[in-house]
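Contents: one structure, followed by commentary.
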């Protein structure tokens with residue numbers, strides 16, 4: 001702070017201060033009128049049209065010119081392509097693509113039904129490339145198909161493929177009334193008694209085996225349902241035939257598929 005005060009005191013006593021300020025303004029005015037090129041020449045700085053790093057790139061390009069000339073015949077430069085300074089286009093690949101046989105290996109196998117002393121087994125191989133969510137959806141679909149066998153015979157169903165998936169249908173078969181042999185009832189009250197199929201709950205029905213080594217299957221509604229209420233709760237009704245009620249009970253007890261394979265239902 002003392003030095004600044006001394007400078008101020010000195011400038012007050014400097015008799016040629018106004019003259020010095022005028023000379024400085026005159027010099028600055030002259031420099032403003034000159035071009036940048038003239039200023040560079042005054043300061044002794046040589047002005048280059050291109051920076052020094054471009055000059056170094058030109059020197060390296062000059063050394064590799066013979067090699068570039070040797071490769072000029074391998075490609076034709078695109079005249080419309082934008083030229084980038086310092087970039088040298090190399091030769092294009094001129095070899096032809098060869099046909100290569102590509103073989104995709106897969107471990108997927110078609111469903112196989114296996115038989116042994118313990119029974120039969122159907123193996124379904126999981127499709128490859130499924131995500132965790134897709135795998136879960138696939139397993140739920142298979143499970144739904146298996147559970148649907150409780151309510152119908154899959155062998156009697158039709159299989160239709162659609163754009164959204166698969167449609168499985170079973171056509172409702174109505175009995176031919178002209179082929180039904182009427183049963184003559186001598187007493188009207190007997191007809192009323194058998195109008196509800198549950199009245200035959202203690203009556204057994206026999207199914208013949210498909211192989212001579214097996215015994216006939218004899219079963220009644222009492223063995224399949226604990227009560228008429230249970231029979232009604234799973235879809236039964238009094239107007240069913242005795243055989244229809246028995247088959248419903250086999251499906252309810254999850255015995256239908258086994259019985260269908262071994263016996264003539």
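Just so you know, glycine gets a Cβ as well, placed from its N, Cα and C.
According to Swiss-Prot, the region 'Interaction with N(0)' annotation covers 1-60, on the basis of similarity to another entry.
Positions annotated as phosphotyrosine by Swiss-Prot, on the basis of similarity to another entry: 14.
What Swiss-Prot lists as region 'Disordered' is 42-74.
Marked as region 'Interaction with the L polymerase' by Swiss-Prot: 49-105.
For 58-70, the entry in Swiss-Prot reads compositional bias 'Acidic residues'.
Sequence annotations record features per position, and here Swiss-Prot assigns phosphoserine to 60 (among others).
Per Swiss-Prot, the feature phosphothreonine maps to 62.
Here Swiss-Prot flags 64 (among others) as phosphoserine, drawing on experimental evidence.
Residues or ranges marked as region 'Oligomerization' by Swiss-Prot: 107-177.
Close to residue 138 (site 'Involved in oligomerization') in the fold, though at least 6 residues off in sequence, lie 126, 127, 130, each with a CB less than 8 Å from its CB. Look at Swiss-Prot and you will find 138 (among others) tagged as site 'Involved in oligomerization'.
Counted within 10 Å of its Cβ, the other Cβ atoms near residue 141 (site 'Involved in oligomerization') come to 12, all protein chains included. Residue 141 (site 'Involved in oligomerization') carries a helical DSSP state (H, G or I). Among the features that Swiss-Prot reports, site 'Involved in oligomerization' is placed at 141 (among others).
Look at Swiss-Prot and you will find 171-193 tagged as region 'Hinge'. Here the region 'Hinge' (171-193) has a mean pLDDT of 48 out of 100.
A sphere of 10 angstroms centred on the C-beta of residue 226 (phosphoserine) encloses 9 other C-beta atoms. Among the features that Swiss-Prot reports, phosphoserine is placed at 226 (among others), with the record citing experimental evidence.
A coil conformation is recorded for residue 227 (phosphoserine) in the three-state DSSP classification, outside any helix or strand. Swiss-Prot lists 227 (among others) with the feature phosphoserine.
Annotated phosphoserine per Swiss-Prot: 233 (among others), in sequence order. For residue 233 (phosphoserine), the number of other Cβ atoms no farther than 10 Å from its own Cβ, over all displayed protein chains, is 11. According to its DSSP assignment, residue 233 (phosphoserine) is helical.
Tertiary neighbourhood of the region 'Interaction with the Nucleoprotein-RNA and template-binding' (245-265): same-chain residues 149-151, 153, 155, 197-198, 200, 205, 207-211, 214, 216-217, 219-221, 223-225, 231, 234-236, selected by CB-CB distance under 8 Å and a gap of 6+ residues from either end. What Swiss-Prot lists as region 'Interaction with the Nucleoprotein-RNA and template-binding' is 245-265.
Each residue contributes its Cα atom, and for residue 226 (phosphoserine) and residue 233 (phosphoserine) those atoms are 11 Å apart. Residue 233 (phosphoserine) and residue 227 (phosphoserine) are 10 Å apart (CA-CA, integer value). Distance from the CA of residue 233 (phosphoserine) to the CA of residue 141 (site 'Involved in oligomerization') is 26 Å. In terms of DSSP helix, strand and coil, the region 'Interaction with the Nucleoprotein-RNA and template-binding' (245-265) has 15 helix, 1 strand, 5 coil.
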